[in-house]
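Working notes, structure below.
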C-alpha cells in the first residue's frame, strides 16, 4: 500500500509523515508513506492525505499552484473512490466555500461553508488551541476502538474557523467549544478531521491506523 501525503506548502508535513509511519509500524500494516507534490503520484496512490494549516485561501492557492493536483484529487477521490483523509484546513477544503476574510471556493465535496467560530461562552478564546474530547454523531470505522465522549481520549485542535455542514449526516463527530463544533466529517470514501491526528497521541495514532485499514 502506498499512502500519498500531499506536499503543497502547508501542513505539519514532517509530523504527519512520522505519525503515519509509526501507526503503520505499530499496527503491522505494510505501507509506504509518500510525501509528494507530484499529482501523478497522488493519482496512483492507494490512499490520499491532504494536510493543511493556516488560512483557507492560502491553502487553496497552494493546492491550485501544484500542477494538476486538483484534477488528480477529483479524479482519484470522486471517480476512483480511493480512501481520502483531510486534516485541519485539509478537511475544511473539502467544503464548498471558505468565508475567511474573503470568499474562496473549496473542493465542493462536502456541502457547507467554513465560518468563523463564535462560542456561546465569551470567555473561550479564539483560536481554540489545545486538547478537547470528541463526541461521535455517526459511527465510522475511523473511530473503531477509540474511546470518545465524556470519558474518552482527547484530540488536539488549533483553529479559528469551523466547517458548517449543510447535511447533518456528513458530520461524523463534534467537539464542545461553547457549542458544537464540527470535529470530523465524512461520506463514501472520504473523511476529514478538524483536529490533528498527528499531534493527538494515542487517539491520533489509532485513527490513522483505522484509516489505513479502512475499506470503504
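Every residue gets a Cβ built from N, Cα and C, even glycine.
Swiss-Prot annotations:
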ACT_SITE  88  active site, nucleophile
ACT_SITE  196  active site
ACT_SITE  198  active site
DOMAIN    2-216  domain 'Glutamine amidotransferase type-1'
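Predicted-model confidence for the domain 'Glutamine amidotransferase type-1' (2-216) is 96, expressed as mean pLDDT.
In the three-state DSSP classification, residue 88 (active site, nucleophile) falls within coil. Calculated from their C-alpha atoms, the gap between residue 88 (active site, nucleophile) and residue 198 (active site) amounts to 11 Å.
Around the Cβ of residue 88 (active site, nucleophile), the number of neighbouring Cβ atoms within 10 Å comes to 27.
For residue 198 (active site), the same-chain residues 6+ apart in sequence whose C-beta sits under 8 angstroms from its C-beta are 12, 15, 16, 18, 19, 20, 51, 87, 204, 208.
Cβ neighbour count for residue 196 (active site): 22 (other Cβ atoms within 10 Å of its Cβ, all protein chains included). Under the DSSP three-state reduction, residue 196 (active site) is assigned to coil, being neither helix nor strand.
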